[in-house]
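**Student:** Mind looking over this structure? Questions follow.
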Amino acid sequence: MDLRYQTGFGSYFETEAHPGALPVGRNSPQKVPFGLYAEQLSGSAFTAPRHENRRTWLYRLRPSAGHEAYQPYAQDKLVSAFPGPATPNRLRWSPLEIPAAPTDFVDGLVSLAGNADAATLGGIAAHVYLVNVSMKNRVFYNADGEMLIVPQMGELTLVTEMGVLKAGPGHIAVIPRGVRFRVEVEGPARGYVCENYGAAFRLPELGPIGANGLANPRDFEAPVAAFEDIDTPTQVIQKFQGALWAATWDHSPLDVVAWHGNLTPYRYDLSRFNTINTVSYDHPDPSIFTVLTSPSDTPGTANCDFVIFPPRWMVAEDTFRPPWFHRNVMSEFMGLIHGAYDAKAGGFVPGGASLHNCMSDHGPDVASHKKATEVVLAPHKIDGTMAFMFESRWVFRPTHLALESAALQSDYDACWTGFPKARLS
């Protein structure tokens, strides 16, 4: 499928899949063209400041309101409340295996950790998805938060109310709270999801960097209008207050013929990130790699930062170039899309994950430290890699499933054993 996109982060778009479907000069005329139904999707309170206000007007074949009551839907691997004890221990997981049984995106979501619940309107949850079939006659939406999807294996086709996005390894996609979508795959697919209960992701402030750098607004892509006119029973599953609920509609809800607004799904190619780094000495703080941020009520302290560690040149003189040893007030959930991470010589592999909570000691392993302290420093490019981090002010609590999983590496702490003691003489 040859898809078209509209470009710009947080831009105001208008698009129609059928000529003349968009009303002119008003949002909800007495008679919408072609008898379509006008519906506003609000992503913020009506009275939110203009620069924070997000909403889109949808013009659809049938009103969304015409459906039966929702009933509970069982999916015990996906959770949104994390009552279990937090742990100060460093945790690392090997990739979880994709099931042999047919499993679509909804049934393939597995929660690893989180630091709030949906009712708080703050915090995040970190999930993985393990998928081998497309969603068929099913549509999903999340009333609890927006979903930042990080594919690691296999391309996803995201068929949304507002159009179609494709996202494979090296891209991310963000689906706003409440937007309905279906996930289609060509084969096995695995990746990560940051479920954000707090303020919507936005671009970070650039400060002294200036007007350009990091993720540039023009590189974000939103879909153009596309719709389904399908009168086939469709199961609509929603996530509401941490639980899944399902109802059968008599048609596909992906029937939006035209829309205008600034609340949209979008995708971003991580290879377009304009990486900032030192050209003199030292390893700057990893905040320079922030792609998107969800702010909290404390300025400069994020509900969640989405950070990447992309290909980049290392040129610092008289410097230990990998990430240094660290104890952080923030908590860090990491994943690896492809390649290797420069602070870990082994064990942290594509599709895996790690968790370092607030003030948990972490840093390079013995092999990486030895190599970095002995290498002859010359300009060097770290290439063929893409790691990422969901960093949050809130401590993550791992799920029972994550702690009991065979993928949990029981020997993770061993990577920091064997450092020789410094000698003062």
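Keep in mind that glycine also has a Cβ here, set from the backbone N, Cα and C atoms.
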**Student:** Have a look through His338, His362 and flag the one Swiss-Prot assigns to the Fe cation site that His326, Glu332 belong to.
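**Tutor:** Of His338, His362, His362 joins His326, Glu332 in the Fe cation site that Swiss-Prot records.
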**Student:** How many neighbouring Cβ atoms, not counting its own, are there within 10 Å of the Cβ of His362 (Fe cation binding site)?
**Tutor:** 20
**Student:** Whole-number answer please: how many Å between the C-alpha atoms of His326 (Fe cation binding site) and His283 (active site, proton acceptor)?
**Tutor:** 12
**Student:** Near Glu332 (Fe cation binding site), which residues of its chain come within a Cβ-Cβ distance under 8 Å, counting only those 6 or more away in sequence?
**Tutor:** Ser354, Leu355, His356, Asn357, His362, Met389, Phe390, Glu391
**Student:** Provide the number of Cβ atoms within 10 Å of the Cβ of His326 (Fe cation binding site), excluding the reference atom itself.
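**Tutor:** So the number of other Cβ atoms within 10 Å of His326 (Fe cation binding site) is 16.
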